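Structure record follows, encoded as structure tokens.
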């Protein structure tokens, strides 16, 4: 801390998430490092498979490739720092480091919500308007949707980080979390946080509810169309196209709703930390496996690439 005009200004924070279990710090470090390594390998493999197979150069796989790139970035903002923190016991993060982590976490987290909504719309178009699919989901629209998702993420993270770090932090400088999440940092301020809480609830709430509505409405139409399909084979094919995305959406939105829809004063820090692990670390790790195991085209392409590698080695 440095003293300025009769009050202390915090220049660094101490992340105290999961500190109540000192015996498990090394285990947490190994667990986080392993999950991060699996996230990197899984998502890099997904990008490689899609890039190498021309049959997968379709809008659906274009979004899936971008989701894998996003998940690598999303996980990289939090997991390496957290793993080092648990292994070395260095829980200090600078004021600017905390602001940067919050900015990029909010950016990638918001973009992920928009990506999942965009992918739901893509599935809706493929199943409900198959004859017009290529015309509607043209390359320009696909690129526009990806760029629009990132721009939406930029707007939200600028609002969240700007409002949070306009508050005064004069001690204690402890954040009851393993990374600089908005609610946890707001809890450490000595300013009045009513405006911040209203802004967070209205902006984040509208993004979560808005993107979730797009997903639910899209799948409402999709399920209606699937039920009306005459052949069992058509139903199975349509369902297999959507099942992996539905699982990914359920994991992401389920944990995010649980995290941000509960009153801040009633939620326990330990419970919040555990739920945060699910949507910040576990979901980016599971996504490539969910989309691979549920998708015949990706599995076939993976086998083809492996056979080629074995043949040429």
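Note: Cβ is positioned from N, Cα and C throughout, glycine not excepted.
Copied over from TrEMBL, here are the features:
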- 42-291: domain 'G-protein coupled receptors family 1 profile' (DOMAIN)
- 26-50: transmembrane segment (TRANSMEM)
- 62-83: transmembrane segment (TRANSMEM)
- 103-121: transmembrane segment (TRANSMEM)
- 141-163: transmembrane segment (TRANSMEM)
- 198-226: transmembrane segment (TRANSMEM)
- 238-261: transmembrane segment (TRANSMEM)
- 273-293: transmembrane segment (TRANSMEM)
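In this chain, the transmembrane segment (62-83) lies apart from the transmembrane segment (238-261): fewer than three C-beta pairs between them fall below 8 angstroms, excluding pairs fewer than 6 positions apart. Within its own chain, the transmembrane segment (26-50) has Cβ neighbours under 8 Å at 18, 56-57, 61, 64-65, 68-69, 71-72, 75-76, 79-80, 82-84, 86-87, 281-282, 284-285, 287-289, 291-292, 298, 301-302, 305, counting only residues six or more beyond its boundaries. Remote same-chain partners of the transmembrane segment (238-261), defined as residues 6 or more beyond its termini with a Cβ less than 8 Å from a stretch Cβ, comprise 60, 109, 112-113, 116, 119-120, 123, 126-127, 183, 204-205, 208, 211-212, 215, 219, 222, 225-226, 229, 272, 275-276, 278-279, 282-283, 286-287, 290-291, 293-296. Averaged across the domain 'G-protein coupled receptors family 1 profile' (42-291), pLDDT for the predicted model comes to 88.
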